[in-house]
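Undergrad: Below, the features straight out of TrEMBL:
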- 12-34: transmembrane segment (TRANSMEM)
- 61-82: transmembrane segment (TRANSMEM)
- 94-113: transmembrane segment (TRANSMEM)
- 119-136: transmembrane segment (TRANSMEM)
- 179-196: transmembrane segment (TRANSMEM)
- 202-221: transmembrane segment (TRANSMEM)
Amino acid sequence: MRRLREDQARMHLVMMLALTFTTGIVDAVGYLGLDRVFTANMTGNVVILGMALAQADDLPILGPTIALLAFMLGAAVGGRALRGARTGWSGRSTSLFALVGVALLLTGAASLLQVPVHGTVWGAVVTGLIGLVMGLQAATARRLAVADVTTVVVTSTIVGLASESRLAGGDGKNFPRRLLAVLLILLGACAGALLLRLHIAAGLGVAGLLTVLVALLGHAARERRPVPGR
């Protein structure tokens with residue numbers, strides 16, 4: 001039973017790292033394809049808004065504001081949906097991650113019919129939709145409580161990577177996962193930028209497919225959970 005729990009913990013880590021990669025894709029798509037908007041990394045949006053309010057470098061205000069508010073709404077919906085659920089993967093986790101993946105796929109498909117352009121209503125809608133589901137993903141991932149892997153931000157991960165490293169006198173216990181999280185969001189951003197050369201739908205489609213796969217794998221791992229008393 002203990003080994004099964006350890007296997008599930010490793011599986012959860014791998015899945016959250018996969019979602020960290022998809023976050024990089026989505027943020028690259030948002031920043032490069034939707035006029036410098038972060039749809040997952042809200043720190044970036046807050047900083048952009050601060051500079052935009054000072055009228056620096058003609059930075060956007062509407063897009064980051066929509067993304068920020070939508071992200072908060074998605075996180076609130078996720079928190080409400082998971083209220084009372086056990087810590088770790090639950091049936092609700094599967095449903096919410098699947099919803100995120102399907103929403104990204106549908107948004108990508110809709111973008112094939114009409115490319116979202118910043119400054120248009122459709123561009124604002126796409127920004128809001130992506131921000132909404134990324135907030136939902138963040139809240140769901142938070143419930144899994146995988147140390148150092150939030151899927152949407154790596155600043156705190158980088159702090160832990162450096163401050164608890166052997167160089168800093170720490171034990172370096174979580175060094176591999178922290179390093180992987182940073183590298184994967186970087187690689188995801190690179191992949192997102194490359195996919196954007198094909199079409200904005202390409203990045204959203206890949207991110208959506210990976211998220212649905214994570215939902216299915218998480219559900220399968222949950223089904224192997226030991227039954228109490230056995």
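From the backbone N, Cα and C atoms, a Cβ is placed for every residue, glycine too.
Just tell me what is around each of these and how deep it sits.
TA: Sequence-distant contacts of the transmembrane segment (119-136) (same chain, at least 6 residues past either end, Cβ-Cβ under 8 Å): 23, 26, 29-30, 34-35, 37, 39-40, 62-63, 66-78, 96, 99-100, 103-104, 107, 110-111, 152, 204.
Beyond the transmembrane segment (202-221), the same-chain residues lying 6 or more positions past its ends with a Cβ under 8 Å from any Cβ of the stretch are 7-8, 11-12, 15, 18-19, 21-22, 25-26, 28-29, 33, 89, 91, 93-95, 97-98, 100-109, 111, 130, 137, 191-192, 195-196.
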